[in-house]
Amino acid sequence: MTIAIERNIQRGLFDLVDDWLKRDRFVFIGWSGLLLFPCSYLALGAWFTGTTFVTSWYTHGLASSYLEGCNFLTAAVSSPANSMGHSLLFLWGPEAQGDFTRWCQIGGLWTFTALHGAFGLIGFCLRQFEIARLVGIRPYNAIAFSGPIAVFVSVFLIYPLGQASWFFAPSFGVAAIFRFILFLQGFHNWTLNPFHMMGVAGILGGALLCAIHGATVENTLFEDGEAANTFRAFTPTQSEETYSMVTANRFWSQIFGVAFSNKRWLHFFMLFVPVTGLWTSSIGIIGLALNLRAYDFVSQELRAAEDPEFETFYTKNLLLNEGIRAWMATQDQPHENFVFPEEVLPRGNAL
């Protein structure tokens, strides 16, 4: 008689940690969680701390916290002072020298929030990759989430890296984001940039596709239950379709003359449109970071000043951008002490 004895497989520390991280629990951790959870916790904690207690008086000449009387719309974690350049503003660095109060005053919370926020978003993307691999599905959710990551990184990190300092990045707040949008329009003519146009088409197109798709599915649900609505009739494990693709195809064929006949192509298109919009707008922001002026009237104004033969049309768009610059240059960058003589300020139709 032969007795087979199983050899003990030596399990190292990595295997033990891997088992613990991937254990079935209410909130999955995984290897991606080692990046996601600490970074997200620190980024959100820094944002709540900054909007509650920390002033922007020393960086922007503004009150920006609840403690100073701001509300949810006006509170923000403001970007560092222009004089800080592109320093990462470590608490132990030469600027703050370990002084937490000074670190908050010079804008250290902004770099802390931005960097931990970026790594938190990357961790969330990796989390979707990891769980997709474990449950055996495709990783298109993670690929789609690359769009928001591209926008965050390009706007909050790449754009200010191309400018003079972190000062020109958007601060983390509602009104602060709108200020940044005005800045992009006035100094870069952002709305006339084709990459912005593609981004708008992608986001609004994605919203339209989402609304059409949701309404069409609701319209073509099979009546397979006795309840007042069809929600209770659905079971997650049913083998039958929940709605009629054939009916939906006939409906839109009658309306548009063409319709999606393939669910895979339909849903890929719903993925492709908004994600492509996010990526193209991110590419446009990188162009602004490098001060590419192909769609910026400032370059035409400079050329017109140098070349008497060069003509530009003075449009409402030019008037808008000049007005934004005249207002924001002094208000937004008080440390520069800009003074504009009245004769150079735009005067609308009184020209």
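Please read every residue number as a count from 1 along the shown chain.
Glycine residues also receive a Cβ, built from the backbone N, Cα and C atoms like all the rest.
Quick caveat, the model's predicted, so the values are computed rather than measured.
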39-59, 102-122 - the one Swiss-Prot records as transmembrane segment: 39-59
Which listed span Swiss-Prot calls transmembrane segment, if the choices are 151-164, 263-276: 151-164
Swiss-Prot annotation of transmembrane segment - which of the ranges 123-139, 242-258, 310-326 it falls on: 123-139
Annotated stretch (transmembrane segment, per Swiss-Prot) among the listed ranges 185-205, 206-226: 206-226
Intrachain residues whose Cβ lies under 8 Å of the transmembrane segment (123-139), provided they are six or more past its termini: 22, 28, 30-33, 35-37, 39-40, 145-146, 149
Cα-Cα distance linking H267 (Fe cation binding site) and F260 (plastoquinone binding site), given in Å to the nearest integer: 10
Distance, Q128 (pheophytin a binding site) to H116 (chlorophyll a ChlzD2 binding site) (CA atoms, angstrom): 18
Distance from H267 (Fe cation binding site) back to Q128 (pheophytin a binding site), taken between C-alpha atoms, in Å: 18
Structural state of H116 (chlorophyll a ChlzD2 binding site), classified by DSSP into three states: helix
